[in-house]
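Enquirer: Please see the structure below; I have some questions.
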Amino acid sequence: MSFFNTTSSSTAVGTAPAPDKDIELSDPPTDSISSLAFSPQADYLAVGSWDNNVRIYEVGANGQTQGKAMYAHQGPVLSVCWNKDGTKLLSGGADNAGRMFDVTTGQSQQVAQHEGPIKVVKWIESPQGGILVTGSWDKTLKYWDLRAPNPITSVQLPERCYTLDVAYPLMVVGTAERHIQIFNLTSPTAAFKTMVSPLKWQTRVVSCFPSANGFAVGSVEGRVAIQYVEDKDSSNNFSFKCHRRDQSPTSKDQSLVYAVNDITFHPVHGTFSTCGSDGTINFWDKDARTRLKTFDPAPGPVPATCFNRTGTIFAYAISYDWSKGHSGMTPGHPNKVMLHGCKDDEVKRKPAKR
Amino acid sequence: MQHQKAKHFKCNLCPRRLNTAGGLAVHIQQVHKLEPENLPRIDNALPGRDGYEVEIFGMEGIPAPDVADYKRRKEIELGLNPGSISQPPAKRPKVENRAISEDELKAQLEAHKALMGASDPSNLPASSDASTGGVYGAPPQAYSAPPTVVSPPTVGTPTIPPGAPHFFPPPGYPGALPFPMPPGMQMPMPPGFPPLPPMQGPPPGLMMPPPGLHPFSLPPGMAPPPFPFFPPGMSPPGFPPMTTPTPPVHTPNFVPASNPHAAAPPPSVQSQTGTPTSNIAPPELRLPNPALSQTNTPFKKATELKWSDANFSPEEHRAIHPKYLAPKDITNQSQGANSAQSGGEEFRGKKRARAEDFL
């Protein structure tokens, strides 16, 4: 499978094999990257950053990248996502506002409002139409019909929303104090199930399987838990350690424990990636319970990752994730987005070992 | 003793295994009748140690330099202070009991007064014994070393509000602290403590930043003298490490025993007093529901958790940082143009033209 052969572009490079080196996005944001999202219709990558801006880049067939559009929030942008047909980009940030950018007109407008910073925005494509859901540190979830200024509904969460993911009809919300709420989006106003995270440390990220029967939870303690929603599948639940390093080259104690910053699932194969504050990225197969690929450590923490719609391009950001507080923000810290061409054996499932 | 027999002291001519180097030598000589000088070297031995002369049986008989090396290596692996295996930390403070001279008495009295803040002028002459010092934890140390101790206790104690129940036994808590301790890590004091975001540069010896803490206004009600807060019989072992200027940096776990003083209370401050009264402008992280405050569970083996604030995520800490914090009343109206924003507006204008034709 070749790398950038997904968009039929007029530039006639055609079937180039996946490059061995990852490609760096040109003109990255000026401050740390908070989130990445590929458009579901084309190879456009949206990048949200702590410099208050959202940028959209076009990723070309032979790996060239070009900035296409940019719009701003009044505070750092914490999350970006596209709607289903790729015409609108939604973003939320620390200015307590959610904005929508229409790519056809190039205009952005505010479409959501919270009492506290909006940490996650996600698009729900329900049979009744498209809805934006926003999760905020004000302990609420709000659903928005983009045409109206008021939310359709607001759902109270037990604590501040840290992370959220949707795979219709499953939605999973991870909050502070390790609560996890599972929603069935056919009745979205109340949680279908509330549980405490199986991981004993602060929840950092939740991500739903594309098959919508379960989700993965990542914590600050270098651990990921795979959870199935149905109780009958709960025997398949398991967790594993990752993103740890040894204290020194000689001792194999794995005692430096880094946070898992993001988990993203491959849209086709159902395998997933994890990335951490230690700067490493891994690809895993949850059914075979094995690791498929380890990336070389990046020069800085990796706060966000994203697969494109076909799973051929994997984007990851390298920027400071505040894991050492303010003092870690050194002036020369790398701040970039890299694109990796996925090879088959990195993302395809392995036959399960029985 | 099986390792020595099996690995090192095998005869290569017959399947016999001996217990010691000397025994092997004798065996080869008698049974196989080889001359003593031509004996083959010991199998699998380190190059300088493969002779038959030095008799080592188990751990007995190891020559002194090798013993020292072994201890060094063990310490490095465990990451403790050099010397801590050979001389374990004193369980009780070593208190001298000797007749004190007139001048020393006076000096100690002064120190005592200083510690008591002159509010309790009861003199305790010649009370350098630990017995009379049993009421306060500090004075035994203070009396025996007046110059050095004054500052650290005041540093440590403000963070121990009515915290007797919160006093974690020193060995038991590594990892139980939400107080982030990784060596060299510059983290403002945990939420709830009078915020120190403006702190510039890591204070040396993170644990005991006496110079750094002084400028901060202690929460009201915790004015010095802090001594009344000391739970009676507060374990003195806490103190000797407290007085060391630079705590050991290599500990993978939060070993320095003085940690409980500094770190245990902040989460409990949070949960008990709710939002501490802070009159410093930069905002701080407040738990919406203090009753739900979390603490990290202790680790079974030495572990350094890179993000150890159980109550707040890295993004929350970052969002209150002055660089990112925007005025509180952000609503739909745009705020006064800050550079990022006006830059954004401009960009939007420029990019709009490009954006229009990009689909």
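Each residue, glycine too, has its Cβ placed from N, Cα and C.
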Enquirer: For the region 'Disordered' entry in TrEMBL, name the matching range from A:1-30, A:91-120, A:271-300.
Expert: A:1-30
Enquirer: Taking residues 6+ outside the repeat 'WD' (A:111-154), which of them lie with a CB under 8 Å of any CB in it?
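Expert: For the repeat 'WD' (A:111-154), the far contacts come to 75, 78-84, 88, 90-100, 160-166, 168-169, 171, 173, 175, 185, 188-189.
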Enquirer: For the repeat 'WD' (A:111-154), how many residues does DSSP put in helix, in strand and in coil?
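Expert: Summed by class, the stretch gives 0 helix, 27 strand, 17 coil.
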Enquirer: Looking only at the repeat 'WD' (A:26-59), what are its DSSP counts of helix, strand and coil residues?
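Expert: Split by secondary structure, the repeat 'WD' (A:26-59) comes out as 0 helix, 19 strand, 15 coil.
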